[in-house]
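Beneath this line is the structure, given in structure tokens, with notes to follow.
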């Protein structure tokens with residue numbers, strides 16, 4: 001963690017207002033838990049002159065509402081950037097370090113240099129600028145909520161694309177997470193190139209494939 005970063009727990013509305021002033025980038029990730037695909041992160045700098053009503057943790061929003069807010073964010077934010085780490089990078093680095101790398105890529109891709117970066121969770125990669133990790137920040141800080149929506153809609157769309165290529169795996173429904181349906185598909189159809197081979201259910205299936 002950078003010496004410029006701070007972890008904030010139990011943040012007050014007053015603190016949110018203070019640290020949200022100026023050019024602030026909110027950052028969040030989606031896809032740490034799935035067995036397949038990229039971990040996707042987003043960085044968003046909102047326009048204070050164009051407030052977006054209804055921003056919240058993407059997991060608490062319906063798909064229809066997320067998609068509507070996604071378009072509003074894309075149309076009204078000062079800058080939006082998506083960063084990702086591939087399954088190969090996840091296998092090489094581990095999911096935590098790959099997520100930190102993806103966050104760095106998202107911030108680096110912004111068209112405007114933020115004065116401060118606010119990240120959901122309790123860890124912050126080194127952005128080289130002042131940054132704060134805010135526990136449950138995706139439900140508290142508008143810029144982080146916006147980032148969570150961008151990341152979620154982006155990754156879900158990628159899972160829908162994967163579903164069209166491999167409909168027997170059911171990716172459109174479980175989004176690659178370790179559900180019963182996903183385990184059954186792994187057992188029946190095997191491991192795909194985009195599966196994270198360092199994740200135990202996938203590694204176990206590879207071992208079984210190589211045994212017979």
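Cβ coordinates are placed from backbone N, Cα and C, and glycine is handled just like the others.
Note that the structure is a prediction, hence the values are computed from the model and not measured.
Together with 28, 29, Swiss-Prot lists one candidate of 91, 120, 126, 156 for binding divalent metal cation, that being 120. Of the chain residues outside the divalent metal cation site list 28, 29, 120, 27, 30, 41, 42, 103, 119, 121, 137, 138, 144, 147, 148, 151 have their Cβ within 8 Å of the site's Cβ mean position.
Around residue 120 (divalent metal cation binding site), taking its Cβ as the centre, 26 other Cβ atoms fall within 10 Å, counting all chains. Long-range Cβ neighbours of residue 29 (divalent metal cation binding site) (same chain, at least 6 residues apart, Cβ-Cβ under 8 Å): 39, 40, 41, 99, 102, 103, 120, 151. Per-residue pLDDT, averaged along the domain 'RNase H type-2' (22-211), amounts to 96 for this model. Spatially close to residue 28 (divalent metal cation binding site) yet at least six residues away along the chain are 41, 42, 58, 119, 120, 137, 138, 144, 147, 148, 151, judged by Cβ distances under 8 angstroms.
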